[in-house]
Amino acid sequence: MKRCLTILDVMFIAIGHMIGAGIYVLTGSVVRNQAGPAIILSFIFSGFAALLSAFSYAEFGARFPRAGSAYTYSYVGMGEIWAFIVGWTVPLEYMIGNAAVARSWSGYFDSLVYKSVSNWTLEHVGHLSDGKGFFAKYPDFLAFVLLFIVAVAVAMGSKFSANVNTSFVVLNLAVLAFVIVCGFTYADFSLWSGNYPDGTSKFFPYGIQGAVSGASTCFFAYIGFEALATAGEEAKNPHRTIPLATFSSLAIISVLYVLMGASLTLMVPYDQIDPDAAFAAAFEMKGATVAKVIMSVGALAGMLNNLVTGAFALPRAVYAMADDGLIFGWFGVINSRTKTPLNATIAFTILNAILALVFDLEALVDFMSIGTLLAYSMVSVCVVILRHEPQLIDGSETEYDDGGNLKSWVPFRGFWHKFSEGISIRCAVGTLIFGYVCLALPFKLGIFSNPGGIILLIIGAVCSLIAFIFILGHEQNKSTATYKVPFVPFLPCLGLLINVFMMVYLNLMTWIRLFVWLAIGIVIYVCYGIRHSKEAKKLNTVASSHMSVLKNGDSKVH
């Protein structure tokens, strides 16, 4: 691929991928059904979780600037099978994200033309389902066509799509600034203070649990680091560009989300907010017609911008796996004219368009959140593991530092010395994740005051504490990377804790769908990936050369 993207290009890819359905559509749904005005806390919680993951992404993006993002980082930190599991969820994450945004764009446009599109489809095509399950109420042909139009723009080259994206981002930031200022002119702080007649808090109508549940859904709005990291192979000076672009984009987006959530919930009571077109409907209720029009144009442009960056990232995530031989090599072909993975773009755009045509938005968003949280969690895990593995000492080709060695105060050191290098730190991280799950389950199930819940909390606390202390008992390596996550293992482990809690809070059907998708992926890996993996071919070549040496030695003896 061609290295042609500047810091601004990469930063705007992330901002463009985060501004869109997350702020224009998801905000209304979360306020109305999950959090109420406490959505500003939901955005802060999910933004903090995203920041902790961003530290890890920034380090890996600087050290391993390849197109695969979380997949590549997992390959380096955990090995091929874990990399495949993460890599298999990343393209799905982008497909679902793109489909959700395309349906959001279509739904928003439909609401602006007084449901003309949906009414015409229902009248001439008919119902697809009752709208209460995984499938949509009617086939969304507008979203279907929109994805193909965006794919054409992205397929024309990285710099072209980056320029299109930058134009959209500048427009979006201007619109959001106008909406925030205009919204606060209608602010009514009585909507936040006191209680309703039934005793329910106005700020926490769904309780603090609603704010936490809203944070799990709002995490969808912060997805953008994956898009940014997939540009690592096309960024100029990625060792500096990726970390700077990561933190800049997250800071800008976090401030915008909190201000947008505050302006919306101070304008209109939470139970009167339209979940499909929240801001436009709120301005209409206040009689601000001009603001409604500007907001609507911004919303459509923002979601289109979101689609451009999603369509940019999707084929690059597929290309990385295909280039390593884990999925069909045809997807890893780079077009000689556009310098983009054109085959992957065509194939996955077709799949993407089918998803947008027939599936429901809410089901798509929940499924997407779990894939993102899984990828973010794995990257945090990999930072902890790689920081505690030996590194070559500068200037030496054979000497390693003491990274991963157990400190003198750690008990049972002799026991762990029996195992191969890296086993102890992996066991510690695995135990930590188990402890986190045990801590989260009682809160999710509402049984933290029951005997069973108390037992789970005790098991979770003990396992987490022992595992964390054991991690601290490992020496860190002396890596001289351009950017390194500070306060390891504290920050990655805290990020992992938050991600695990949010994953546990997702519903059971989302987990079932994830396991079905992973089962399909494992079948492909077993039947194709193992035999065609570049890493496996290297090992086979080495093994063959060793056998050849042994045979030659034997013949000389004979």
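Glycine is treated like the rest: Cβ placed from N, Cα and C.
Look at TrEMBL and you will find 7-26 (among others) tagged as transmembrane segment.
Distant neighbours of the transmembrane segment (70-90): 56-57, 60, 64, 226, 229, 317, 320-321, 324, 326, 371, 374-376, 378-379, 381-383, 385-386, 514, 517-518, 521-522, 524-525, 529, 533, 535-536; these residues of the same chain sit at least 6 beyond its ends, with a Cβ under 8 Å from one of its Cβ atoms. Under the heading transmembrane segment, TrEMBL lists 70-90 (among others).
Look at TrEMBL and you will find 138-156 (among others) tagged as transmembrane segment.
If you look up TrEMBL, you'll see 168-187 (among others) marked as transmembrane segment. Sequence-distant contacts of the transmembrane segment (168-187) (same chain, at least 6 residues past either end, Cβ-Cβ under 8 Å): 12, 15-16, 19, 23, 256, 259-260, 262-264, 266-267, 279, 282-283, 286, 288, 291, 294-295, 297-298, 301-302, 304-305, 308.
Annotated transmembrane segment per TrEMBL: 207-229 (among others), in sequence order.
Sequence annotations record features per position, and here TrEMBL assigns transmembrane segment to 241-260 (among others).
Long-range contacts of the transmembrane segment (293-319) within the same chain: residues 13-14, 16-25, 67-69, 71, 87, 90-91, 94-95, 97-98, 101-102, 104-105, 108-109, 112, 146-147, 150-151, 153-154, 158, 161, 164-165, 168-169, 171-172, 175-176, 178-179, 224, 226-227, 230-231, 233, 277, 279-280, 283, 327, 331-332, 334, 340-342, 344-345, 348-349, 352, each at least 6 residues beyond the stretch ends and with a Cβ under 8 Å from a Cβ of the stretch. Among the features that TrEMBL reports, transmembrane segment is placed at 293-319 (among others).
Taken from TrEMBL, the feature transmembrane segment covers 367-386 (among others). Packing against the transmembrane segment (367-386) from elsewhere in the chain are residues 49-50, 52-53, 55-57, 59-60, 69-70, 73-74, 76-78, 82, 86, 89-90, 92-93, 96-97, 100, 216-217, 219-220, 223, 225-226, 422, 425-426, 429, 433, 471, 479, 485, 488-489, 492-493, 495-496, 499-500, 502-503, 506, 510-511, 513-514: each is 6 or more residues past its ends and has a CB under 8 Å from a CB in it.
The transmembrane segment feature in TrEMBL is assigned to 423-442 (among others).
Annotation source TrEMBL lists transmembrane segment at 454-473 (among others).
Feature annotation from TrEMBL assigns domain 'Cationic amino acid transporter C-terminal' to 483-533.
As annotated by TrEMBL, transmembrane segment applies to 485-505 (among others).
Annotated transmembrane segment per TrEMBL: 511-530 (among others), in sequence order. With a threshold of 8 Å between CB atoms, the same-chain residues lying at least 6 positions outside the transmembrane segment (511-530) that come near it are 81, 84-85, 88-89, 92, 325-328, 367, 370-371, 374, 536.
In the predicted model, the domain 'Cationic amino acid transporter C-terminal' (483-533) shows an average pLDDT of 89. Per-stretch counts of Cβ pairs under 8 Å to the transmembrane segment (7-26) identify 207-229 as the leading one among 207-229, 241-260, 454-473, 485-505. With DSSP classes pooled into helix, strand and coil, the tally for the domain 'Cationic amino acid transporter C-terminal' (483-533) is 41 helix, 0 strand, 10 coil. Counting only same-chain residues 6+ beyond the ends of the transmembrane segment (423-442), those with a CB under 8 A from a CB of the stretch are 377, 381, 384-385, 388-389, 404, 406, 416, 448, 450, 452-454, 456-457, 459-468, 470-471, 474, 493, 496-497, 500-501, 504-505. Remote same-chain residues near the transmembrane segment (241-260) are listed as 5-7, 10-15, 18-19, 22-23, 27, 40, 43-44, 47, 50-51, 54, 57-59, 61-62, 65, 173, 176, 179-180, 183, 218, 221-222, 224-225, 228-229, 232, 235, 279, 482-483 (criterion: CB distance under 8 Å, separation of at least six residues from the stretch ends). Sequence-distant contacts of the transmembrane segment (207-229), counting only residues of its own chain at least 6 positions beyond either end whose CB sits under 8 Å from a CB of the stretch, comprise 10-11, 13-18, 21-23, 26-27, 29-30, 34-36, 38-39, 41-43, 45-47, 49-50, 53-54, 57, 60-61, 69-70, 90, 93-94, 97, 100, 201, 242, 245-246, 249-250, 253, 257, 309-310, 312-313, 317, 365-366, 368-369, 372-373, 375-376, 443, 501-502, 505-506.
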